[in-house]
Amino acid sequence: MRSVLSLALLAVNVVTAAVVAPFDYSGYKVIRVPTQKDNVKEVQRIITDLNLDTWKYPKSEGQNADIVVPPSQISSFMERISGMNIEMMHEDLGLSIRNETSFEAYSAGYAPDINWFKSYHSYQDHLSYLQDLQGLFRTRSEYVDAGKSHEGRTIPALHIWGSGGKNSKPAIIFHGTIHAREWITTMVTEYMAWSFLSQYNKNADITSIVDNFDIWIFPIVNPDGFAFTQTSNRLWRKNRQPNPNARCPGRDLNRNYPYQWVGPGSSSNPCSDTYRGAQPGDGTEIKVHIANMKKIAANKGIAMFVDWHSYGQLFMSPYGYSCTARPPTDARHQELSRIFAQALKAVHGTPYKTGPICNTIYQVNGDSVDYALEVLKVKLSLTAELRDTGARGFVLPADQIIPSGEETLAGTVAMLKAVIQG
(Lines of atoms letter the chains of each structure in order from A and count residues from 1; the text may use other names and numbers.)
(Lines give C-alpha, C1' and ligand atoms only; values in the text may rest on other atoms or scores of the structure.)
Protein backbone atom coordinates (compact mmCIF):
# COMPACT_ATOMS: atom_id res chain seq x y z
CA MET A 1 0.00 0.00 0.00
CA ARG A 2 1.28 3.44 -0.80
CA SER A 3 1.78 6.20 1.71
CA VAL A 4 0.06 9.52 2.39
CA LEU A 5 -0.04 12.81 4.27
CA SER A 6 1.96 14.56 6.95
CA LEU A 7 0.36 16.16 9.98
CA ALA A 8 3.11 18.45 11.26
CA LEU A 9 1.56 19.06 14.66
CA LEU A 10 0.77 15.45 15.46
CA ALA A 11 2.20 14.30 18.78
CA VAL A 12 3.34 10.68 18.83
CA ASN A 13 3.58 8.85 22.15
CA VAL A 14 6.65 6.73 21.40
CA VAL A 15 8.84 6.64 18.31
CA THR A 16 10.86 3.48 17.88
CA ALA A 17 10.43 2.96 14.14
CA ALA A 18 12.17 4.65 11.24
CA VAL A 19 10.43 7.74 9.93
CA VAL A 20 8.66 7.11 6.63
CA ALA A 21 8.44 10.04 4.24
CA PRO A 22 4.82 11.08 3.68
CA PHE A 23 3.24 10.68 0.29
CA ASP A 24 1.05 13.27 -1.41
CA TYR A 25 -2.11 11.80 -2.95
CA SER A 26 -2.91 14.97 -4.89
CA GLY A 27 -4.41 14.07 -8.25
CA TYR A 28 -5.15 10.47 -7.32
CA LYS A 29 -8.69 9.32 -8.02
CA VAL A 30 -10.76 6.60 -6.38
CA ILE A 31 -13.13 5.10 -8.93
CA ARG A 32 -15.78 2.45 -8.41
CA VAL A 33 -16.46 -0.02 -11.22
CA PRO A 34 -19.53 -2.20 -10.60
CA THR A 35 -18.88 -5.68 -11.97
CA GLN A 36 -21.09 -8.22 -13.64
CA LYS A 37 -20.59 -11.49 -15.45
CA ASP A 38 -19.37 -9.94 -18.70
CA ASN A 39 -16.74 -7.59 -17.20
CA VAL A 40 -15.44 -8.96 -13.88
CA LYS A 41 -12.48 -10.80 -15.43
CA GLU A 42 -11.50 -7.74 -17.46
CA VAL A 43 -11.69 -5.49 -14.39
CA GLN A 44 -9.43 -7.92 -12.52
CA ARG A 45 -6.98 -7.87 -15.45
CA ILE A 46 -6.93 -4.06 -15.53
CA ILE A 47 -6.11 -3.92 -11.82
CA THR A 48 -3.29 -6.43 -12.29
CA ASP A 49 -1.92 -5.00 -15.53
CA LEU A 50 -1.75 -1.44 -14.21
CA ASN A 51 -0.63 -2.55 -10.72
CA LEU A 52 -3.40 -0.58 -9.05
CA ASP A 53 -4.31 -0.51 -5.37
CA THR A 54 -7.90 -1.32 -4.44
CA TRP A 55 -10.10 -0.48 -1.48
CA LYS A 56 -12.46 -3.25 -2.58
CA TYR A 57 -11.32 -6.02 -4.91
CA PRO A 58 -13.98 -7.80 -7.03
CA LYS A 59 -13.41 -11.48 -6.28
CA SER A 60 -16.57 -12.42 -8.17
CA GLU A 61 -19.26 -10.91 -10.36
CA GLY A 62 -21.65 -8.50 -8.69
CA GLN A 63 -18.98 -7.07 -6.40
CA ASN A 64 -17.80 -3.49 -6.74
CA ALA A 65 -14.20 -2.69 -7.58
CA ASP A 66 -13.10 0.43 -5.66
CA ILE A 67 -9.82 1.34 -7.37
CA VAL A 68 -7.13 3.91 -6.49
CA VAL A 69 -5.74 5.40 -9.71
CA PRO A 70 -2.57 7.56 -9.69
CA PRO A 71 -2.31 10.53 -12.08
CA SER A 72 0.17 8.69 -14.30
CA GLN A 73 -2.31 5.87 -14.90
CA ILE A 74 -5.56 7.79 -15.31
CA SER A 75 -5.40 7.97 -19.10
CA SER A 76 -4.60 4.26 -19.49
CA PHE A 77 -7.21 3.29 -16.91
CA MET A 78 -10.00 5.32 -18.49
CA GLU A 79 -9.15 3.86 -21.89
CA ARG A 80 -9.28 0.31 -20.53
CA ILE A 81 -12.65 0.77 -18.81
CA SER A 82 -14.27 2.57 -21.73
CA GLY A 83 -17.89 1.49 -22.03
CA MET A 84 -18.17 0.33 -18.41
CA ASN A 85 -20.27 2.10 -15.80
CA ILE A 86 -18.18 3.93 -13.21
CA GLU A 87 -18.76 6.03 -10.08
CA MET A 88 -16.28 8.69 -8.95
CA MET A 89 -15.67 8.26 -5.21
CA HIS A 90 -12.84 10.82 -4.91
CA GLU A 91 -12.03 13.21 -7.76
CA ASP A 92 -8.89 14.26 -5.89
CA LEU A 93 -7.99 11.89 -3.06
CA GLY A 94 -5.30 14.22 -1.75
CA LEU A 95 -7.80 17.05 -1.32
CA SER A 96 -10.29 14.73 0.39
CA ILE A 97 -7.61 13.61 2.84
CA ARG A 98 -6.54 17.18 3.60
CA ASN A 99 -10.15 18.10 4.33
CA GLU A 100 -10.63 15.04 6.54
CA THR A 101 -7.47 15.62 8.55
CA SER A 102 -8.04 19.21 9.57
CA PHE A 103 -7.94 18.15 13.22
CA GLU A 104 -9.54 20.35 15.87
CA ALA A 105 -7.16 21.22 18.70
CA TYR A 106 -7.91 19.45 21.98
CA SER A 107 -6.75 20.72 25.36
CA ALA A 108 -6.19 18.12 28.06
CA GLY A 109 -8.53 18.63 30.99
CA TYR A 110 -11.39 19.82 28.78
CA ALA A 111 -14.83 18.54 29.80
CA PRO A 112 -15.76 16.24 26.89
CA ASP A 113 -19.00 16.95 25.04
CA ILE A 114 -20.53 16.52 21.59
CA ASN A 115 -18.00 18.89 20.03
CA TRP A 116 -15.32 16.17 20.19
CA PHE A 117 -17.24 14.34 17.49
CA LYS A 118 -17.15 17.19 14.97
CA SER A 119 -13.60 16.33 13.90
CA TYR A 120 -11.13 13.49 13.68
CA HIS A 121 -8.21 13.62 16.12
CA SER A 122 -4.61 12.62 16.64
CA TYR A 123 -3.70 9.45 18.52
CA GLN A 124 -2.30 11.43 21.45
CA ASP A 125 -5.46 13.53 21.71
CA HIS A 126 -7.53 10.36 21.85
CA LEU A 127 -5.58 9.27 24.93
CA SER A 128 -6.19 12.66 26.57
CA TYR A 129 -9.86 12.61 25.66
CA LEU A 130 -10.46 9.13 27.06
CA GLN A 131 -8.78 10.04 30.35
CA ASP A 132 -10.73 13.29 30.59
CA LEU A 133 -14.00 11.52 29.80
CA GLN A 134 -13.39 8.88 32.44
CA GLY A 135 -12.42 11.57 34.93
CA LEU A 136 -15.96 12.93 34.86
CA PHE A 137 -17.39 9.56 35.95
CA ARG A 138 -14.82 8.16 38.35
CA THR A 139 -17.20 6.14 40.52
CA ARG A 140 -18.40 3.88 37.71
CA SER A 141 -15.60 3.72 35.20
CA GLU A 142 -11.85 3.39 34.82
CA TYR A 143 -9.32 4.26 32.16
CA VAL A 144 -7.09 1.25 31.48
CA ASP A 145 -3.70 1.02 29.82
CA ALA A 146 -4.49 -2.41 28.38
CA GLY A 147 -0.95 -3.06 27.16
CA LYS A 148 1.65 -1.81 24.71
CA SER A 149 1.84 -2.04 20.93
CA HIS A 150 4.90 -3.26 19.05
CA GLU A 151 6.31 0.28 18.98
CA GLY A 152 5.45 0.89 22.63
CA ARG A 153 2.24 2.88 22.34
CA THR A 154 -0.57 2.54 24.85
CA ILE A 155 -3.58 0.44 23.84
CA PRO A 156 -6.31 2.37 25.69
CA ALA A 157 -9.57 1.04 27.08
CA LEU A 158 -12.54 2.37 29.03
CA HIS A 159 -14.19 0.06 31.54
CA ILE A 160 -17.76 1.06 32.45
CA TRP A 161 -20.11 -0.47 35.02
CA GLY A 162 -23.42 0.25 36.72
CA SER A 163 -25.24 -0.37 39.99
CA GLY A 164 -23.83 -3.86 40.56
CA GLY A 165 -20.28 -2.56 40.75
CA LYS A 166 -17.08 -3.32 38.91
CA ASN A 167 -16.73 -6.81 37.36
CA SER A 168 -20.11 -7.90 38.71
CA LYS A 169 -21.87 -8.60 35.39
CA PRO A 170 -21.17 -10.46 32.12
CA ALA A 171 -18.99 -8.36 29.86
CA ILE A 172 -19.59 -6.58 26.57
CA ILE A 173 -16.38 -5.94 24.58
CA PHE A 174 -16.18 -3.47 21.70
CA HIS A 175 -13.05 -3.21 19.50
CA GLY A 176 -12.34 -0.33 17.12
CA THR A 177 -9.52 0.49 14.69
CA ILE A 178 -7.99 -2.97 14.40
CA HIS A 179 -7.48 -1.83 10.80
CA ALA A 180 -5.57 1.43 11.01
CA ARG A 181 -7.26 3.38 8.21
CA GLU A 182 -10.80 2.88 9.54
CA TRP A 183 -10.93 6.14 11.48
CA ILE A 184 -14.71 6.27 11.80
CA THR A 185 -14.59 3.22 14.09
CA THR A 186 -12.41 5.09 16.60
CA MET A 187 -14.92 7.91 16.78
CA VAL A 188 -18.03 5.71 16.88
CA THR A 189 -16.76 3.48 19.68
CA GLU A 190 -15.87 6.62 21.63
CA TYR A 191 -19.34 8.02 20.91
CA MET A 192 -20.84 4.92 22.50
CA ALA A 193 -18.51 5.21 25.51
CA TRP A 194 -19.48 8.87 25.92
CA SER A 195 -23.18 7.97 25.67
CA PHE A 196 -23.00 5.06 28.13
CA LEU A 197 -21.30 7.33 30.66
CA SER A 198 -23.12 10.63 30.15
CA GLN A 199 -26.63 9.19 29.70
CA TYR A 200 -26.55 6.82 32.68
CA ASN A 201 -29.44 7.64 35.04
CA LYS A 202 -30.82 9.94 32.33
CA ASN A 203 -31.83 7.47 29.62
CA ALA A 204 -33.70 4.39 30.86
CA ASP A 205 -32.45 2.04 28.13
CA ILE A 206 -28.81 3.04 28.56
CA THR A 207 -29.11 2.81 32.35
CA SER A 208 -30.49 -0.72 32.03
CA ILE A 209 -27.67 -1.75 29.70
CA VAL A 210 -24.95 -0.35 31.96
CA ASP A 211 -26.56 -2.01 34.99
CA ASN A 212 -26.75 -5.38 33.24
CA PHE A 213 -23.30 -5.54 31.63
CA ASP A 214 -19.68 -4.83 32.41
CA ILE A 215 -18.70 -2.76 29.36
CA TRP A 216 -15.19 -2.69 27.90
CA ILE A 217 -14.46 -0.38 24.97
CA PHE A 218 -11.11 -0.52 23.15
CA PRO A 219 -11.29 2.34 20.60
CA ILE A 220 -7.76 1.91 19.19
CA VAL A 221 -6.77 -1.74 18.97
CA ASN A 222 -3.93 -0.97 16.52
CA PRO A 223 -2.26 2.24 17.77
CA ASP A 224 0.95 1.95 15.73
CA GLY A 225 -0.95 1.58 12.48
CA PHE A 226 -3.39 4.32 13.49
CA ALA A 227 -0.56 6.75 14.26
CA PHE A 228 1.11 5.81 10.97
CA THR A 229 -2.04 6.76 9.03
CA GLN A 230 -1.75 10.22 10.58
CA THR A 231 1.91 10.81 9.77
CA SER A 232 2.79 8.85 6.64
CA ASN A 233 0.13 6.70 5.05
CA ARG A 234 -3.57 7.50 5.42
CA LEU A 235 -4.52 4.20 3.78
CA TRP A 236 -2.34 1.88 5.88
CA ARG A 237 -4.27 -1.15 7.20
CA LYS A 238 -1.95 -3.43 9.18
CA ASN A 239 0.11 -3.03 12.33
CA ARG A 240 3.75 -1.91 12.04
CA GLN A 241 5.53 -5.03 13.25
CA PRO A 242 8.55 -5.94 11.09
CA ASN A 243 8.51 -9.21 9.19
CA PRO A 244 11.75 -11.24 9.11
CA ASN A 245 13.39 -11.42 5.69
CA ALA A 246 10.69 -9.23 4.15
CA ARG A 247 10.72 -5.61 2.97
CA CYS A 248 7.06 -5.11 3.88
CA PRO A 249 6.17 -4.56 7.55
CA GLY A 250 2.93 -5.33 9.30
CA ARG A 251 0.40 -8.02 9.96
CA ASP A 252 -3.31 -7.81 9.30
CA LEU A 253 -4.32 -8.19 12.93
CA ASN A 254 -7.75 -9.44 11.92
CA ARG A 255 -6.14 -12.38 10.12
CA ASN A 256 -3.76 -13.18 13.00
CA TYR A 257 -6.06 -14.68 15.64
CA PRO A 258 -5.14 -18.32 16.40
CA TYR A 259 -8.26 -20.01 15.07
CA GLN A 260 -8.75 -21.25 11.48
CA TRP A 261 -5.63 -19.23 10.73
CA VAL A 262 -4.72 -20.67 7.31
CA GLY A 263 -7.06 -20.51 4.34
CA PRO A 264 -8.11 -18.50 1.30
CA GLY A 265 -9.38 -15.72 3.57
CA SER A 266 -5.84 -14.58 4.42
CA SER A 267 -2.44 -14.31 2.76
CA SER A 268 1.04 -15.73 3.39
CA ASN A 269 2.61 -12.79 1.51
CA PRO A 270 4.07 -10.18 3.92
CA CYS A 271 3.36 -7.46 1.34
CA SER A 272 -0.35 -8.28 1.21
CA ASP A 273 -2.84 -6.20 3.16
CA THR A 274 -4.28 -9.48 4.48
CA TYR A 275 -0.96 -11.00 5.60
CA ARG A 276 -1.76 -13.42 8.41
CA GLY A 277 1.66 -13.28 10.12
CA ALA A 278 4.41 -15.85 10.51
CA GLN A 279 2.59 -17.79 13.22
CA PRO A 280 -0.95 -17.80 14.64
CA GLY A 281 -1.33 -15.03 17.18
CA ASP A 282 2.19 -13.64 16.73
CA GLY A 283 1.05 -10.03 16.41
CA THR A 284 2.13 -7.99 19.42
CA GLU A 285 -1.27 -6.34 19.72
CA ILE A 286 -3.13 -9.64 19.29
CA LYS A 287 -1.21 -11.09 22.24
CA VAL A 288 -2.32 -8.09 24.30
CA HIS A 289 -5.95 -8.38 23.26
CA ILE A 290 -6.17 -12.11 23.81
CA ALA A 291 -4.70 -11.67 27.30
CA ASN A 292 -7.23 -8.93 28.07
CA MET A 293 -10.19 -10.90 26.78
CA LYS A 294 -9.18 -13.97 28.79
CA LYS A 295 -8.84 -11.84 31.91
CA ILE A 296 -12.25 -10.27 31.34
CA ALA A 297 -13.83 -13.65 30.62
CA ALA A 298 -12.51 -15.02 33.92
CA ASN A 299 -14.81 -12.69 35.87
CA LYS A 300 -18.42 -13.23 34.80
CA GLY A 301 -17.84 -14.34 31.22
CA ILE A 302 -18.33 -12.39 28.00
CA ALA A 303 -21.91 -11.92 26.83
CA MET A 304 -21.04 -10.20 23.54
CA PHE A 305 -18.05 -9.18 21.46
CA VAL A 306 -18.32 -6.72 18.56
CA ASP A 307 -15.43 -5.78 16.26
CA TRP A 308 -16.21 -2.46 14.52
CA HIS A 309 -14.86 -1.85 11.00
CA SER A 310 -15.54 0.29 7.93
CA TYR A 311 -16.74 0.54 5.24
CA GLY A 312 -19.82 -1.16 3.71
CA GLN A 313 -22.83 -0.75 6.05
CA LEU A 314 -22.94 -4.38 7.14
CA PHE A 315 -23.65 -6.12 10.44
CA MET A 316 -22.41 -9.68 10.41
CA SER A 317 -22.24 -12.91 12.37
CA PRO A 318 -19.96 -15.99 12.36
CA TYR A 319 -18.36 -17.54 10.51
CA GLY A 320 -15.69 -15.81 8.50
CA TYR A 321 -13.60 -18.89 7.78
CA SER A 322 -16.41 -20.91 6.14
CA CYS A 323 -19.31 -20.02 3.87
CA THR A 324 -21.18 -23.25 4.71
CA ALA A 325 -20.62 -23.90 8.43
CA ARG A 326 -22.94 -22.24 10.97
CA PRO A 327 -22.63 -22.03 14.76
CA PRO A 328 -25.41 -23.52 16.92
CA THR A 329 -26.35 -19.95 17.87
CA ASP A 330 -26.76 -18.84 14.25
CA ALA A 331 -30.49 -18.09 14.55
CA ARG A 332 -29.92 -15.87 17.58
CA HIS A 333 -27.03 -14.08 15.88
CA GLN A 334 -29.21 -13.43 12.82
CA GLU A 335 -32.11 -12.19 14.94
CA LEU A 336 -29.94 -9.72 16.84
CA SER A 337 -28.29 -8.53 13.62
CA ARG A 338 -31.71 -7.71 12.17
CA ILE A 339 -32.71 -5.88 15.34
CA PHE A 340 -29.52 -3.82 15.16
CA ALA A 341 -30.01 -2.95 11.48
CA GLN A 342 -33.68 -2.02 11.86
CA ALA A 343 -33.08 0.28 14.83
CA LEU A 344 -30.08 1.88 13.13
CA LYS A 345 -32.02 2.57 9.94
CA ALA A 346 -34.81 4.27 11.91
CA VAL A 347 -32.46 7.11 12.92
CA HIS A 348 -31.16 8.46 9.59
CA GLY A 349 -32.48 5.95 7.05
CA THR A 350 -29.08 4.26 6.62
CA PRO A 351 -29.57 0.71 5.28
CA TYR A 352 -27.42 -2.15 6.57
CA LYS A 353 -27.19 -5.66 5.21
CA THR A 354 -26.92 -8.57 7.63
CA GLY A 355 -25.70 -12.17 7.43
CA PRO A 356 -22.72 -14.42 8.12
CA ILE A 357 -19.34 -12.81 7.40
CA CYS A 358 -18.23 -15.22 4.68
CA ASN A 359 -21.51 -14.96 2.77
CA THR A 360 -22.03 -11.24 3.24
CA ILE A 361 -18.62 -9.70 2.57
CA TYR A 362 -15.90 -12.32 1.91
CA GLN A 363 -14.05 -15.26 3.42
CA VAL A 364 -11.82 -14.41 6.38
CA ASN A 365 -9.34 -16.62 8.20
CA GLY A 366 -7.89 -15.90 11.64
CA ASP A 367 -10.48 -13.24 12.50
CA SER A 368 -11.56 -11.93 15.88
CA VAL A 369 -15.21 -12.95 15.63
CA ASP A 370 -14.57 -16.65 14.99
CA TYR A 371 -11.84 -16.73 17.64
CA ALA A 372 -14.03 -15.08 20.29
CA LEU A 373 -16.92 -17.45 19.63
CA GLU A 374 -15.06 -20.73 19.32
CA VAL A 375 -11.98 -20.33 21.52
CA LEU A 376 -13.10 -17.90 24.22
CA LYS A 377 -16.68 -19.23 24.13
CA VAL A 378 -18.19 -15.76 23.95
CA LYS A 379 -21.95 -16.19 23.74
CA LEU A 380 -22.50 -13.71 20.92
CA SER A 381 -19.76 -12.56 18.54
CA LEU A 382 -20.43 -10.02 15.79
CA THR A 383 -18.78 -7.51 13.50
CA ALA A 384 -19.84 -4.36 11.68
CA GLU A 385 -18.75 -2.39 8.65
CA LEU A 386 -19.83 1.20 9.35
CA ARG A 387 -20.56 4.02 6.89
CA ASP A 388 -20.53 4.35 4.01
CA THR A 389 -21.16 2.01 1.06
CA GLY A 390 -18.42 3.60 -1.03
CA ALA A 391 -19.31 7.19 -1.83
CA ARG A 392 -16.31 8.24 0.29
CA GLY A 393 -15.02 4.92 1.61
CA PHE A 394 -12.22 5.02 4.17
CA VAL A 395 -11.87 8.80 3.84
CA LEU A 396 -15.23 9.59 5.39
CA PRO A 397 -15.91 13.30 5.97
CA ALA A 398 -15.97 14.44 9.59
CA ASP A 399 -19.55 15.67 9.25
CA GLN A 400 -20.62 12.02 9.17
CA ILE A 401 -19.14 11.19 12.59
CA ILE A 402 -22.10 12.34 14.68
CA PRO A 403 -24.83 10.76 12.53
CA SER A 404 -22.77 7.56 12.41
CA GLY A 405 -22.50 7.61 16.19
CA GLU A 406 -26.19 8.35 16.67
CA GLU A 407 -27.42 5.53 14.46
CA THR A 408 -24.85 3.00 15.69
CA LEU A 409 -25.75 3.73 19.30
CA ALA A 410 -29.45 3.26 18.49
CA GLY A 411 -28.78 -0.10 16.85
CA THR A 412 -26.54 -1.20 19.71
CA VAL A 413 -29.06 -0.19 22.38
CA ALA A 414 -31.88 -2.05 20.63
CA MET A 415 -29.71 -5.15 20.25
CA LEU A 416 -28.57 -5.15 23.87
CA LYS A 417 -32.13 -4.60 25.09
CA ALA A 418 -33.06 -7.76 23.20
CA VAL A 419 -30.18 -9.63 24.85
CA ILE A 420 -31.37 -8.51 28.30
CA GLN A 421 -34.93 -9.60 27.53
CA GLY A 422 -33.64 -13.03 26.47
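Quick reminder: no glycine exception, Cβ is built from N, Cα and C everywhere.
Taken from Swiss-Prot, the feature signal peptide covers 1-17.
Annotated domain 'Peptidase M14' per Swiss-Prot: 119-419, in sequence order, evidence recorded as sequence analysis.
Positions annotated as disulfide bond by Swiss-Prot: Cys248-Cys271. In sequence order, Pro270, Cys271, Tyr275 constitute the residues six or more apart from Cys248 (disulfide bond) in its chain with CB-CB distances below 8 Å. Following the DSSP three-state reduction, the secondary structure of Cys248 (disulfide bond) is coil.
Using a 10 Å Cβ-Cβ cutoff, Glu385 (active site, proton donor/acceptor) registers 22 neighbours. A strand conformation is recorded for Glu385 (active site, proton donor/acceptor) in the three-state DSSP classification. If you look up Swiss-Prot, you'll see Glu385 marked as active site, proton donor/acceptor, on the strength of sequence analysis.
On the 0 to 100 pLDDT scale, the domain 'Peptidase M14' (119-419) averages 98 in the predicted structure.
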